[in-house]
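S.K.: Below are the structure tokens for one structure; questions will follow.
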Amino acid sequence: MALPSSSLSSQIHTGATTQCIPHFHGSLNAGTSAGKRRSLYLRWGKDNQAKKFGPSKIVACAGQDPFSVPTLVKREFPPGFWKDHVIESLMPSYKVAPSDEKRIETLITEIKNMFRSMGYGETNPSAYDTAWVARIPAVDGSEKPQFPETLEWILQNQLKDGSWGEEFYFLAYDRILATLACIITLTIWQTGDTQVQKGIEFFKTQAGKIEEEADSHRPSGFEIVFPAMLKEAKALGLDLPYELPFIQQIIEKREAKLQRLPPDLLYALPTTLLYSLEGLQEIVDWEKIMKLQSKDGSFLSSPASTAAVFMRTGNKKCLEFLNFVLKKFGNHVPCHYPLDLFERLWAVDTVERLGIDHHFKEEIKDALDYVYSHWDERGIGWARENPVPDIDDTAMGLRILRLHGYNVSSDVLKTFRDENGEFFCFLGQTQRGVTDMLNVNRCSHVAFPGETIMEEAKLCTERYLRNALEDTGAFDKWALKKNIRGEVEYALKYPWHRSMPRLEARSYIENYGPNDVWLGKTMYMMPNISNEKYLELAKLDFNRVQFFHRQELQDIRRWWNSSGFSQLGFTRERVAEIYFSPASFLFEPEFATCRAVYTKTSNFTVILDDLYDAHGTLDNLKLFSESVKRWDLSLVDQMPQDMKICFKGFYNTFNEIAEEGRKRQGRDVLSYIQKVWEVQLEAYTKEAEWSAVRYVPSYDEYIGNASVSIALGTVVLISALFTGEILTDDILSKIGRDSRFLYLMGLTGRLVNDTKTYQAERGQGEVASAVQCYMKDHPEISEEEALKHVYTIMDNALDELNREFVNNRDVPDTCRRLVFETARIMQLFYMDGDGLTLSHNMEIKEHVKNCLFQPVA
């Protein structure tokens, strides 16, 4: 009989956690009794680095013949980092105060009201567009403005420096454009001489700053409307520096752009040129252009463009649109309106990325129902009646609607792909922005099987975004954000399948700008998208949830210690890392019990994996499995001491879990839990048997067992009982062992594990992995080719997992999340290597710290 680990440790003291795995010399008889194994050791030093004992990195036990019997390589794990004293040292002083709870409730109410009050979109005044509307002469023929309140607004809203625009943010392009529009309007109406002179002085002294700004900050249509207005200003006799080099350059750009414009394109179909008709008045056929008027009477939602058309045509629908906008805003107009689809989609995206969406489920549903009711297979724009779709709103809509279960097709992206396979924001546009390409990239990761357009979008946008990170001038065509670079870096490093909600929330809290602005024809703000309330709630909520998580982790540490598991010398102690898993995705306070069950079950899968994988003899493993099957504590007397600790802890823990499950489900669940574990232990046993005889199965045989032995299904099937839902047998079957959903979770988890660990485990004597088994089936291919094929299988399975997650609506939402997020956490843990075993010197350690111990400021 093999010695228990305590005796092995007394022979050769390693000072670290160790594990034996079967390792046979090729000349040995594979049928040698599993009860007569010899042990070899690999040591970990105090610096957690492997100690090498010669070329083989092993050392034989004294007094044993190295060729007489099958051997074991004794695998050692680095000790756990998150010991009690480490956790205690990191405990912040933060506690949830009653005032915090009250403030959270207040903010939730205010944000709910914000969502419920959403109409056509809230935004700020545009001095530029207001100046164009103020030009309109009265329709009654009097020599007065049709909208005198807009003229008065211009007179009252000049800034101290003589410019017009947003006071808190200086963008030379925006200020110069708005100021030029306002002084022209005041000159036309022969009023505000003082304001005009101050505006001219501002223009003269500040226009040159445009040369210092990035081209990407140039507002939409600037090269069209700015030269046209300069021509007007010159005709009005305004004393401006018309000969400045940059002005001449912009005029040349305009001429070149107009020369490239096909004569009939302007009238063939709606394009972004409709947004800037005020700058094209000398070439527009006003009768033809009316065919492209939007249903609401506007031209691409632009008050300035619509005002110019009205002054040329007297079209009543144009006037109705302008009256509609002024009825909403009073004495000014924004740069475009409505913005109803844009506002709703970005507001939903904001609360989701900040991690506060769980407070606004009804509001989110209402917002998305509205967007979906205006969804178009050709794409959508920023407003429901916008005739020109854009990839930014379309990609955001496709991703969010799909993830919330709405039936939307990825074919919608084909509208925005040119003949070279590149993606663009608007039809006929060649320049792209970082924010729109970022949204397409985020969208591309929620692909379903066979959606080649999504794969093409992913590759195209990844290439663009990586180049953008190297080019500071690429930030950004459509927005001035606090840290768009940080958003891009996060998206590329943690794409959808490894972006856990708590980590994304932490990152976005740091990157989110409550004063972010967007770039249209002028700079504009969206207060229902960017505001301090979202950020304040996100910080308070994150710290509050984190406080509860720390308390739960301490409870689980006490369970671990009281169960005697810290005495086990053969297994990995990764309590904090394992608790981090459910805390990173099922983080809401109401799921505390589910997190505890998930963590305890996961810890047992690690203990028993290490036990069955290498430590126990086959006889003892079969005894352990039989004890679980019979649920018989008396059999423990026949076990070695460390296995006694395992089984007693297992037996007591799952009796407690079953009792709690009975209360929640209203029926006995112990037999269900037993059966879940029986299947799991059968998979472990099969792997142990394969290892004992160095059997390399076929790929299909291996995956059939390995997708179970990865143990994710066991964790999910038991934890699901505590998601707050009554789970009928029918529901359980939809996430059960025979379900495609659960299989894909196990498959992707197994494959990402194998791709990152097979080389190290092969060096330690393991003979079966997805890569090795595939190579056995296909001896003609190289290891590199086999690895590439396994990655392809995994990527395809992740796409299918997306579809199962989205379409499996018969399964309660929390159960769907449990399955899907468990698959995602595996992608995170194994993104760069074995993030569980080697968590002490990998990024997982920082994730644990940021998620559980570091409050946000």
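From the backbone N, Cα and C atoms, a Cβ is placed for every residue, glycine too.
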S.K.: Tell me which range among 74-77, 278-281, 362-365, 390-393 Swiss-Prot lists as motif 'DXDD motif'.
M.R.: 390-393
S.K.: With the ranges 404-408, 409-413, 609-613, 844-848 to choose from, which does Swiss-Prot describe as motif 'DDXXD motif'?
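M.R.: In Swiss-Prot, the motif 'DDXXD motif' feature sits at 609-613.
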S.K.: If we check Cα distances from Glu761 (Mg(2+) 3 binding site), which of the binding-site residues Lys257, Asp392, Lys477 wins as closest?
M.R.: Asp392
S.K.: Which is it, of Asp390, Glu761: the one of these binding-site residues whose Cβ has the most other Cβ atoms within 10 Å?
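M.R.: Comparing the binding-site residues Asp390, Glu761, the most crowded Cβ belongs to Asp390.
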S.K.: Would you kindly give the Cα-Cα distance separating Asn753 (Mg(2+) 3 binding site) and Asp609 (Mg(2+) 2 binding site), rounded to the nearest Å?
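M.R.: Asp609 (Mg(2+) 2 binding site) to Asn753 (Mg(2+) 3 binding site), Cα-Cα distance: 14 Å.
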S.K.: Averaging the per-residue pLDDT over the motif 'DDXXD motif' (609-613), what integer do you get?
M.R.: 91
S.K.: If I take the alpha carbons of Asp613 (Mg(2+) 2 binding site) and Asp392 (Mg(2+) 4 binding site), what is the distance between them in whole Å?
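M.R.: Rounded to the nearest whole number, the Cα-Cα distance is 50 Å.
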S.K.: From the centroid of the CB atoms of Asn753, Thr757, Glu761, the recorded Mg(2+) 3 site, which same-chain residues not already listed sit within 8 A by their CB, in sequence order?
M.R.: Asp754, Lys756, Tyr758, Ala760, Glu766, Ser769, Asp834
S.K.: Nearest by CA distance to Thr757 (Mg(2+) 3 binding site): which of the binding-site residues is it, out of Asp390, Asp392, Lys477?
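M.R.: It is Asp392, whose Cα lies nearest.
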S.K.: Using DSSP, tally how many residues of the motif 'DDXXD motif' (609-613) sit in helix, strand and coil.
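M.R.: For the motif 'DDXXD motif' (609-613), the helix, strand and coil counts are 5 helix, 0 strand, 0 coil.
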S.K.: Between Lys257, Lys477, which of the binding-site residues has the fewest other CB atoms within 10 angstroms in the structure shown?
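M.R.: Counting other Cβ atoms within 10 Å of each of the binding-site residues Lys257, Lys477 gives the minimum at Lys257.
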S.K.: Mind giving me a neighbour count for Asp392 (Mg(2+) 4 binding site)? Other Cβ atoms within 10 Å of its Cβ, every protein chain shown.
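M.R.: A 10 Å sphere around the Cβ of Asp392 (Mg(2+) 4 binding site) contains 28 other Cβ atoms.
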